[in-house]
Amino acid sequence: MNIGKIVQIMGAVVDVEFASEALPEIYSAVKVTVPEKKIDLTLEVAQHLGNNTVRCVAMSSTDGLQRGMAALNTGAPITVPVGPATLGRIFNVLGKAIDNGEEVHTDTSYPIHRPAPAFVDQDPSTVMLETGIKVIDLLAPYSKGGKIGLFGGAGVGKTVLIQELINNIAMEHGGLSVFAGVGERTREGNDLWNEMRESGVIDKMAMVFGQMNEPPGARLRVGLTGLTMAEYFRDVQNQDVLLFIDNIFRFTQAGSEVSALLGRMPSAVGYQPTLATEMGALQERITSTRNGSITSVQAIYVPADDLTDPAPATAFAHLDATTVLNRAISEKGIYPAVDPLDSNSRILSPQILGEEHYKVARDVQQILQKYKELQDIIAILGMDELSEDEKLVVSRARRIERFLSQPFHVAEVFTGSPGKYVPIKETIRGFKEIVEGKHDNLPEAAFHMVGTIEEAIEKAKALGA
């Protein structure tokens, strides 16, 4: 009774007719299997058209489909495996392993469409998540259960920063990570997989990919697949989970394609009219509960660098912190190339972080801002034209700039310097001492690529020798 037949195929959208009593619900999975043609396709019901026909979105290529083919109503949404068995593996949007390994068998599967945690289950407290990365912890700290936007062009170090976060959460907090590759390059996913294996972090993370070559249905849903796997670790294993989404813009882009295929009237700039709803349904599930938390780091591509474009603008509304990577900083050889003045965080306040942290962070930003304003004068007239106070600001700013860099564990194989995890107390103490002028006598080079302030002092001795 629950078998229907395909009546129309329009690219990635397929119409299926069922008997009136067997009509599948919205978001139900419908399977089309034709072994002799090697077709094994899953569709997701998106609309009821009337006349016992449903309109579905395909999760993989519709090549080879024909009208009249049988389609099975599974009676449930797309469900994916969850649990410890998913760690160290790569999945597609349907939860099938795509890393040429053996099939993943888990005791539990979750549907990818799930309600966000109820208000009473959410944890109202705001707690900082220590990353061990100085520039982030000091100036744009992450909150547990928060959402962080990661902005940066090609080749400024987004992936390395993501890898270091995964490494630090695994090593220092014993936490797990889920990486969702949404509509990005397959080559980048492959590189990430190989680098994760080399750095030994792969056993602490699950990876889900729906890349550029996949139909829009897969790219629209793969974020939910990754989020569902992360929810299991939060709700059942009481973990603090890191969820990486690369790239949240492609999620919106896929939604726009699906919306057009479904015949919906476009909204501003041609985006789907349901843009805010779709984004909200994904983002509201990313939160802290009384059991654990999901902290999400989302790479955000900004089309034509226009921050008012509806896609990035809708994502901004959900963010708690932004980490902006700047090419000018990476060109100076300062890594991570996080812009200390452009990056910000909602939790950078004395009520949450304490007076000392807040004051040191603001003092550091003030010195860097003054240095930025003086750079034109320095470029035209040179350092000699500055007053003594201004010269002092410049010398401290240059030390701070270098001290904001640090060697990463995951980049050890390239740099040859062992990675450093810096606790927040050490970070605050180090910058406080530089701001107060305790280390004005040390050479600038001593502050570059070190962890704590003690290491800078040791490096200065070595340079002096």
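Just so it is clear, glycine is given a Cβ too, placed from its N, Cα and C backbone atoms.
Values in this document were obtained by computation on a predicted structure and should not be read as measured data.
According to Swiss-Prot, the features are:
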- Gly152, Gly153, Ala154, Gly155, Val156, Gly157, Lys158, Thr159: ATP binding site (BINDING)
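Shown on the structure are the features that Swiss-Prot records.
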{"residue": "Gly152", "record": "ATP binding site", "CB count, 10 Å": "23"}
{"residue": "Gly153", "record": "ATP binding site", "CB count, 10 Å": "13"}
{"residue": "Ala154", "record": "ATP binding site", "CB count, 10 Å": "6"}
{"residue": "Gly155", "record": "ATP binding site", "CB count, 10 Å": "10"}
{"residue": "Val156", "record": "ATP binding site", "CB count, 10 Å": "23"}
{"residue": "Gly157", "record": "ATP binding site", "CB count, 10 Å": "20"}
{"residue": "Lys158", "record": "ATP binding site", "CB count, 10 Å": "22"}
{"residue": "Thr159", "record": "ATP binding site", "CB count, 10 Å": "18"}
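Under the three-state DSSP scheme, Thr159 (ATP binding site) falls in the helix class. Taking the mean position of the Cβ atoms of Gly152, Gly153, Ala154, Gly155, Val156, Gly157, Lys158, Thr159 as the ATP site, the remaining same-chain residues with a Cβ inside 8 Å of that point are Leu325, Ser330, Ala337.
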